[in-house]
Amino acid sequence: MTTITPLHHIRVALERNPYEVVIGNGGLARLGQQMLDAGVQADRRVLVVSNPDVANPYGDACLNSLREAGFSVELLVIDAGEHQKTPATVAEIHDAAYSAKLERSSLMVALGGGVVGDMTGFAAATWLRGIQVVQVPTTLLAMVDASIGGKTGVNHPRGKNLIGAFHQPRLVLIDPSTLNTLPEREFRAGMAEVIKYGILGDTALFEELEACPDPSTPAGLGAERLSSILQRSAAAKARVVAADEKEGSLRAILNYGHTFGHVVETLCGYGTWLHGEAVAIGMVAVGELAVLRGSWSRDDAERQRRLIESAGLPTAWPDLSADAVLNSLQGDKKVRDGRLRFVMPTGIGSVEIRDDVSREEILSCLERLKG
């Protein structure tokens, strides 16, 4: 039986179309009311998009809550692995939107992890030139990162998330009780993004995780610490997004670990590593690059590595050719005027964005990672 807890509200204070991130156990049963509270009219048509592993335990609760609030609801269940994160799957969502007679006043609800959220958000952004979307993340990674901030998109054979749009949600609802059925590997993958926030600016969060004997499972963290992690991580993401909605400057720091991480995902093949696992490897890699450049201490790099390992995440760089890595890096979305930008750690709780990393430094870093 899910324990109902009070809802915690975090405001994403955008200049246009601000919205709330609502967190609390039993939140899924209150989704319909929360949408009404967010100003959505009760007679709207809603298409809920989910995947089998989520729709089975949580689909009925979601649909019942929406119908009780007066919404007309249809459910679409799709496969949602990284291999399915394609324009073809988005077209499947569009087909369902057509069948459900979604209008410009209608909404889509993404019930699932980051892949469901990314694809549903992109489908909403492109249906009838844009309809509203509500994000209901059910994985740790989606709760603390992917569902907040409006980044949507799908993969291209040449790289991850190369096709996409910024499309902010009307509401984000996080029900931590859905983590109870999340596979342990998926939970660990989400911890990579939590650790990332510690490096980016929350030193106390990093140290709290270091002091935890087992940060790799909900039980190891404990309910109180897990609730705190969700709230602090979501608040950190909300602050950055509010300050820089479309990644003109500050928001780029959220890509810490992602530059090398996307290389790992792309070259190893989508699905070999979960996104959070690849980010963990990428964090270790860029940490090594920062040590090589003299901007980060070896002690801090080892603290990061130990915490990532204690969360049950991989740290070893895969066997990839240097040429393939360099080619993949040049296709990264963060390239500006032909210069690749890295989010580089300078301490536990501080980073900087650098665009002066040379080809030789990257090659030296890759050699170090092999050892």
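Note that Cβ sites are derived from N, Cα and C of the backbone, with glycine treated the same way.
Pulled from Swiss-Prot, these are the features on record:
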| type | residues | note |
| --- | --- | --- |
| BINDING | Gly114, Val115, Val116, Gly117, Asp118, Thr138, Thr139, Lys151, Lys160, Thr178, Leu179, Asn180, Thr181 | NAD(+) binding site |
| BINDING | Glu193, His258, His275 | Zn(2+) binding site |
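Features recorded in Swiss-Prot, as mapped to the structure shown.
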| residue | record | contacts (Cβ under 8 Å, 6+ apart) |
| --- | --- | --- |
| Gly114 | NAD(+) binding site | Pro137, Thr139, Leu141, Ala142, Asp145, Ala146, Ser147, His275 |
| Val116 | NAD(+) binding site | Val49, Ser50, Asn51, Val54, Ile78, Ala80, Ala110 |
| Asp118 | NAD(+) binding site | Lys85, Ala146, Lys151, Thr152, Gly153, Val154, Asn161, Gly164 |
| Lys160 | NAD(+) binding site | His262, Glu265, Thr266, Tyr270 |
| Leu179 | NAD(+) binding site | Thr138, Thr139, Leu140, Met143, Phe187, Pro218, Leu226 |
| Thr181 | NAD(+) binding site | Pro57 |
| Glu193 | Zn(2+) binding site | Leu140, Leu141, Val144, Asp145, Ser233, Gly276, Val279 |
| His258 | Zn(2+) binding site | Val279, Gly282, Val343 |
- Note on the structure: Counting every protein chain shown, other Cβ atoms within 10 Å of the Cβ of Thr139 (NAD(+) binding site) number 28
- Query: So how many other Cβ atoms are close to His275 (Zn(2+) binding site), meaning within 10 Å of its Cβ?
  - Reply: 28
- Message: Please report the three-state DSSP label of Gly114 (NAD(+) binding site).
- Response: helix
- Task: Could you name the residues, excluding Glu193, His258, His275, of the same chain that surround the Zn(2+) site, i.e. Cβ within 8 Å of the Cβ centre of those residues, in sequence order?
- Result: Leu141, Asp145, Ala192, Lys196, Gly257, Gly261, Gly276, Ala278, Val279, Gly282
- Reduced DSSP assignment, His258 (Zn(2+) binding site): helix
